[in-house]
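Colleague: Can you keep this structure in mind? I'll have questions shortly.
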Amino acid sequence: MPEETHTQDQPMEEEEVETFAFQAEIAQLMSLIINTFYSNKEIFLRELISNSSDALDKIRYESLTDPSKLDSGKELHINLIPNKQDRTLTIVDTGIGMTKADLINNLGTIAKSGTKAFMEALQAGADISMIGQFGVGFYSAYLVAEKVTVITKHNDDEQYAWESSAGGSFTVRTDTGEPMGRGTKVILHLKEDQTEYLEERRIKEIVKKHSQFIGYPITLFVEKERDKEVSDDEAEEKEDKEEEKEKEEKESDDKPEIEDVGSDEEEEEKKDGDKKKKKKIKEKYIDQEELNKTKPIWTRNPDDITNEEYGEFYKSLTNDWEDHLAVKHFSVEGQLEFRALLFVPRRAPFDLFENRKKKNNIKLYVRRVFIMDNCEELIPEYLNFIRGVVDSEDLPLNISREMLQQSKILKVIRKNLVKKCLELFTELAEDKENYKKFYEQFSKNIKLGIHEDSQNRKKLSELLRYYTSASGDEMVSLKDYCTRMKENQKHIYYITGETKDQVANSAFVERLRKHGLEVIYMIEPIDEYCVQQLKEFEGKTLVSVTKEGLELPEDEEEKKKQEEKKTKFENLCKIMKDILEKKVEKVVVSNRLVTSPCCIVTSTYGWTANMERIMKAQALRDNSTMGYMAAKKHLEINPDHSIIETLRQKAEADKNDKSVKDLVILLYETALLSSGFSLEDPQTHANRIYRMIKLGLGIDEDDPTADDSSAAVTEEMPPLEGDDDTSRMEEVD
């Protein structure tokens with residue numbers, strides 16, 4: 001109990017006022033609320049409406065077992081009454097009210113808040129004095145008010161008034177004002193600079209934002225003026241108008257009825273009446289408007305809600321001009337209770353992955369009270385495009401972001417939301433046309449999910465769609481790919497790159513296409529990250545056709561032929577490795593090439609050419625990682641290609657043939673380009689090509705017309721062997 005500091009002994013005719021000191025924690029709490037939890041002042045109205053809603057919940061709950069509890073007031077509602085003359089905002093509810101003890105305890109000490117806690121206590125046989133606990137939200141009233149008066153009436157006690165100017169103490173007295181019946185009236189005496197909260201527009205804005213889904217009607221009472229047409233005499237003075245009206249009525253009553261046929265006297269009066277001028281005056285009246293007519297759609301049975309209703313709610317929630325693409329409406333009951341209504345928009349926002357921008361996608365409610373709309377813990381980043389509401393029965397109303405991070409309840413809600421989202425996507429996938437629209441907009445999110453969410457990776461992988469070497473213009477799922485696999489095919493083959501045409505024409509897919517093996521085309525940068533985590537699908541390993549050790553289905557005869565080719569070109573491989581030195585890790589005979597002379601592949605755990613390109617484009621890249629991930633390049637040569645065969649013969653005929661070195665380097669650099677890599681020194685490569693062009697055109701390298709810079713570079717280049725231009729070109733060929 002707070003310490004009672006002073007009791008005034010007054011004559012019996014005057015009401016007794018008791019003064020109490022706030023507990024020390026209250027002063028600290030108020031400072032904490034103002035400086036930490038509630039930086040935006042408008043939150044006070046949400047908290048007070050929420051408290052009213054709690055009080056209404058409690059009386060409604062009690063009336064279930066004892067209907068007579070509502071005899072003191074059948075209607076359950078909340079009224080908001082701004083008064084500009086007195087600079088007060090009053091919040092009135094017909095809830096359970098508070099006894100004197102409740103007032104002293106609940107508005108003088110830190111009290112718990114929440115309907116559920118109260119109901120559990122009541123079921124456990126707790127004393128009735130435990131009710132009406134306002135919680136910390138009440139003190140947020142002092143963000144805008146210099147003084148707060150609370151008048152309350154409980155069924156089991158008299159009407160009392162609590163008052164405090166936040167000066168470390170509060171007073172409690174018996175209230176002799178207008179009887180309330182039952183409920184609580186909170187009167188905020190606003191600070192001079194907070195009068196915006198008396199404006200009709202501002203109050204409506206706050207209620208719509210924070211409390212539009214409270215389960216009881218919230219009515220705003222506003223004093224307004226309207227024009228009323230009266231005669232001049234009436235306009236001059238109200239009393240005269242009344243007297244004149246009475247006199248006219250009396251005169252008309254005194255007239256004999258026989259004169260109703262239209263005497264001269266009546267006509268005169270009519271003319272005089274017509275001559276009287278009419279004038280408009282301002283008349284004051286009280287306008288009542290219910291602010292939360294939209295009842296929470298998520299609390300209704302999904303079977304009773306039409307798609308049009310979902311559409312209207314979605315548009316009001318998101319301000320989107322288009323209808324939603326899909327919707328999931330569900331509730332979870334048991335140890336944990338919450339309802340959720342989730343929408344998939346038709347298109348992704350342009351700033352979907354803009355991390356610095358705060359998201360406003362899923363609104364968190366606690367028992368129909370809006371808590372926050374940027375709750376990162378509620379849904380993983382890869383599902384940040386999902387719009388909707390989550391309404392929990394178990395979270396405390398005064399929860400902060402810091403508390404949310406530790407909340408076990410929220411972790412369970414998050415798990416359920418992800419599960420339901422994946423169910424929704426799977427249902428959507430059954431409609432090919434709609435899923436195509438969805439995938440065009442949100443495929444990156446699915447792939448990001450595969451990279452980040454190991455728990456749901458399998459389900460997410462079923463949602464992937466790709467172009468393949470056999471799919472034409474249709475995108476297919478990995479499941480579709482698996483159904484078309486060859487009998488002896490053990491792996492799922494894929495290639496990453498920039499465009500569909502680029503990967504389709506790549507040297508890496510030549511032999512696979514020739515053998516009728518389907519190759520998946522992964523042409524988005526995020527595919528590289530996705531496939532790093534997606535190692536297998538339905539027991540089949542995903543294999544990149546651009547990496548070393550590619551295993552293709554082959555019979556014994558093919559294996560034997562391949563071994564013979566390896567032996568035949570072993571020497572050339574060694575010579576080429578010596579020439580290229582550290583540029584490549586090794587040179588081997590390829591089993592994947594058909595029409596290309598050579599290609600560059602990467603080690604199993606290194607980056608592909610496409611990944612190297614992506615990483616080089618990163619502004620904040622780690623150069624040390626670039627060093628060891630990008631260096632593992634292997635040169636594969638095609639033993640069936642005429643260039644490689646001729647080069648082998650030339651190298652074996654004369655190991656010291658200088659043109660071999662030039663040709664090997666040229667082959668390597670060209671293979672780098674065709675395999676998707678970039679050149680470290682493009683100018684040197686260009687100069688080699690220019691020399692080939694000169695030879696082709698029969699231009700003498702020593703031609704004095706050649707510019708100095710070209711000549712200087714040419715001197716540095718290893719010369720091509722031969723005495724004349726003809727022999728040189730033959731070597732190149």
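Any Cβ shown, glycine's included, is placed from N, Cα and C.
Okay, these came from Swiss-Prot:
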- Thr5: phosphothreonine (MOD_RES)
- 9-236: region 'Interaction with NR3C1' (REGION)
- Asn51, Asp93, Lys112, Phe138, Arg401: ATP binding site (BINDING)
- Lys58: N6-acetyllysine (MOD_RES)
- Lys84: N6-acetyllysine (MOD_RES)
- 225-279: region 'Disordered' (REGION)
- 230-246: compositional bias 'Acidic residues' (COMPBIAS)
- Ser231: phosphoserine (MOD_RES)
- Ser252: phosphoserine (MOD_RES)
- 256-269: compositional bias 'Acidic residues' (COMPBIAS)
- Ser263: phosphoserine (MOD_RES)
- 272-617: region 'Interaction with NR3C1' (REGION)
- 285-621: region 'Interaction with FNIP2 and TSC1' (REGION)
- Tyr314: phosphotyrosine (MOD_RES)
- Lys444: N6-acetyllysine (MOD_RES)
- Lys490: N6-acetyllysine (MOD_RES)
- Tyr493: phosphotyrosine (MOD_RES)
- Lys586: N6-acetyllysine (MOD_RES)
- Cys599: S-nitrosocysteine (MOD_RES)
- 629-732: region 'Interaction with NR1D1' (REGION)
- 700-733: region 'Disordered' (REGION)
- 724-733: motif 'TPR repeat-binding' (MOTIF)
- 730-733: region 'Essential for interaction with SGTA and TTC1' (REGION)
Colleague: What is the separation, in Å, between the Cα atoms of Lys58 (N6-acetyllysine) and Asn51 (ATP binding site)?
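Modeller: Answer for this pair: 11 Å between alpha carbons.
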Colleague: By a simple count, how many Cβ atoms lie within 10 Å of the Cβ of Phe138 (ATP binding site), its own Cβ left out?
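Modeller: I get 22 for this one.
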Colleague: Select one residue from Lys84, Lys444, Lys490: among these modified residues, choose the one with the most other Cβ atoms within 10 Å of its Cβ.
Modeller: Lys444
Colleague: Test of understanding: give the count of other CB atoms lying within 10 angstroms of the CB of Tyr314 (phosphotyrosine).
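Modeller: Within a 10 Å radius of the Cβ of Tyr314 (phosphotyrosine) lie 23 other Cβ atoms.
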Colleague: Name the residue among the modified residues Lys58, Lys586 whose Cβ has the smallest number of other Cβ atoms within 10 Å.
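Modeller: Comparing Cβ neighbours within 10 Å for the modified residues Lys58, Lys586, Lys586 has the fewest.
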Colleague: Any idea what DSSP makes of Asn51 (ATP binding site), helix, strand or coil?
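Modeller: Assignment for Asn51 (ATP binding site) reads helix.
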Colleague: Specify the secondary structure state of Tyr493 (phosphotyrosine) as given by DSSP, simplified to three classes.
Modeller: strand
Colleague: What number of additional C-beta atoms lies within 10 angstroms of the C-beta atom of Tyr493 (phosphotyrosine)?
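Modeller: Counting Cβ neighbours of Tyr493 (phosphotyrosine) within 10 Å gives 24.
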Colleague: Going by DSSP, is Lys84 (N6-acetyllysine) sitting in a helix, a strand, or coil?
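Modeller: SS state of Lys84 (N6-acetyllysine) = coil.
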Colleague: Given a separation of at least six residues and a C-beta threshold under 8 Å, show me what packs close to the residue listed as 'S-nitrosocysteine' in the same chain.
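Modeller: For the residue listed as 'S-nitrosocysteine', the qualifying residues are Ala507, Phe508, Ser590, Arg592, Leu593, Leu635, Glu636, Ala671, Ser674, Ser675.
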Colleague: Tell me the Cα distance separating Lys84 (N6-acetyllysine) from Asn51 (ATP binding site), rounded to the nearest angstrom.
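Modeller: Asn51 (ATP binding site) to Lys84 (N6-acetyllysine), Cα-Cα distance: 24 Å.
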Colleague: Measuring Cα to Cα, how many angstrom lie between Phe138 (ATP binding site) and Tyr493 (phosphotyrosine)?
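Modeller: Cα-Cα, rounded: 63 Å.
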